[in-house]
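Under the heading region 'N0', Swiss-Prot lists 26-122. According to Swiss-Prot, the region 'N1' annotation covers 124-188, on the basis of similarity to another entry. As annotated by Swiss-Prot, region 'N2' applies to 189-264. Marked as region 'N3' by Swiss-Prot: 267-348. Summarising the annotation, Swiss-Prot assigns region 'Secretin' to 353-602. As annotated by Swiss-Prot, region 'S domain' applies to 604-678, with the evidence given as similarity to another entry. Annotation comment: Swiss-Prot describes 1-25 as signal peptide.
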Amino acid sequence: MINKGKGWRLATVAAALMMAGSAWATEYSASFKNADIEEFINTVGKNLSKTIIIEPSVRGKINVRSYDLLNEEQYYQFFLSVLDVYGFAVVPMDNGVLKVVRSKDAKTSAIPVVDETNPGIGDEMVTRVVPVRNVSVRELAPLLRQLNDNAGGGNVVHYDPSNVLLITGRAAVVNRLVEVVRRVDKAGDQEVDIIKLKYASAGEMVRLVTNLNKDGNSQGGNTSLLLAPKVVADERTNSVVVSGEPKARARIIQMVRQLDRDLQSQGNTRVFYLKYGKAKDMVEVLKGVSSSIEADKKGGGTATTAGGGASIGGGKLAISADETTNALVITAQPDVMAELEQVVAKLDIRRAQVLVEAIIVEIADGDGLNLGVQWANTNGGGTQFTNAGPGIGSVAIAAKDYKDNGTTTGLAKLAENFNGMAAGFYQGNWAMLVTALSTNTKSDILSTPSIVTMDNKEASFNVGQEVPVQTGTQNSTSGDTTFSTIERKTVGTKLVVTPQINEGDSVLLTIEQEVSSVGKQATGTDGLGPTFDTRTVKNAVLVKSGETVVLGGLMDEQTKEEVSKVPLLGDIPVLGYLFRSTSNNTSKRNLMVFIRPTILRDANVYSGISSNKYTLFRAQQLDAVAQEGYATSPDRQVLPEYGQDVTMSPEAQKQIELMKTHQQATADGVQPFVQGNK
């Protein structure tokens, strides 16, 4: 016997009776009172001739006592049990050395893997691989963990691909868990039934039945996961496959039969009255949704187009639009109807609008000076310049025609196409024509077109006039009448814009802006007609709501000087002016185009913008009234304040009152007396 306490130790490890012969084995009796655990381990190692390594974390005191004599195997199991009680375990190494560690660390150490032939005994740490054939290890593992010594180093892991369990722990506990697995791993009565559906969708039916079974088990159902029926959809044949024990299968089959009914007689048509969207356009969108539904429910049929009829899951799907009430009429099975209803609800929303304001600023300034002197001789010869007015030859012919025939047609034609001053002198055979013209043009154009449109909707604004332009002439068959062909060209302010609202209150604007006007009228007898000044901007810009940005601009300055003269004579100082014609023109033009979008997401913002525009226009009317002195005149029409009814003239109000009086008297059977003005 070995004893330790109070500074003395008594160890007796010899056999109580030593007898010759191999029939007698060594026996041990051990008792430790308040002994250090390291001393206990060292004593056992010495008695069993084992080399034992102690982990530094192994500390503490033990109190154990054995009243029986133990053989070597029993003595070793006694050693393992004592360590187990105090939270430690022994891990045997390949070289025969034993390692003492904490129990929770033993499962990650090199503990032996045992099998059916050598399962291990007692409290030695082992790992065992247990194959399972009839039960899912995923469902079985949580149950075994509750039976294992998890705090003492036990562990249960499942491996789904091979459907095996890896159990780690004390050999006695592991063997007990293996026995539990053997008793549970029994093949059940798993027959299969196939139900062919006529009306419902197999996928939706399985989803519904699975949810019902799940809810029943979660609310206290006594059907185990092993005995719970399995329901699978075969969408290729639109069938439901049910497996499980007979009673569970019968209940599922009855449920499926009751749900697989024709719902047309139960009313599967609904009318959706749209608030914001257009029913006709919505139908086109729902066609694409129907194609997606067809793909999801391929086992049940095909989708339909608007007004058509095809089946999905054995039911009919039809979508049409009633434009008079702006409504959608949809016929579909309940599950399909629910999906389409969600799509309609998300599409039928109030779309944001965009107020687009453009500012076109153009400032032009031009100066011109034309001077010319022309000579002619009745015997032939002369000088003629047309850059400063009519030629002297045309004037001479028109004057001779007037002198000989008294006809003024030629002179009228020349006067019609001439600007400025013209003076003629003649003496003997010589005639002189002096022309002079000075021009000074200034223009300041400010255009502010604005338009409100829906998001992703093109809108156009056009204010202008149609100007006739002669494109050709044609003589009649008799030759005495000339017909002119006219084409009208629109000039003014044109704005075409398509806004797209992006995230962060930014707007992508596709803009086409044009400002055109009638320019200078062509002079002379060529009949080419007027010229047109056109300013066009066409681009796409990204602008934040409420910000003003420039779209483009032009700064143009032109200087033109033209001199026509008689060689040599025109170069003589001072006298040379009598033999030449000069034309000087200078023009400057500055043009800038700005744009500002404003997002209108709700009615309040829209109303505020409208109020500002309305109030500005009314203020301009009031200013005009004050300037004209009509502030107290009842005949002057002024817009009322924003939100109030339009004020009618006193004469119109009088006529309405007379009409009401007449209607009331007619209803009472009395002929009203109305005195007219005399």
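Counting starts with 1 at the first residue shown.
Each Cβ is built from the backbone N, Cα and C atoms, and glycine gets one as well.
Given the structure is predicted, the values throughout are model-derived calculations rather than measurements.
Note: the region 'N0' (26-122) comprises 30 helix, 29 strand, 38 coil (DSSP; helix = H, G, I, strand = E, B). Break the region 'N1' (124-188) down by DSSP state and the numbers are 25 helix, 19 strand, 21 coil. Looking only at the region 'N0' (26-122), the predicted model's pLDDT averages out at 78.
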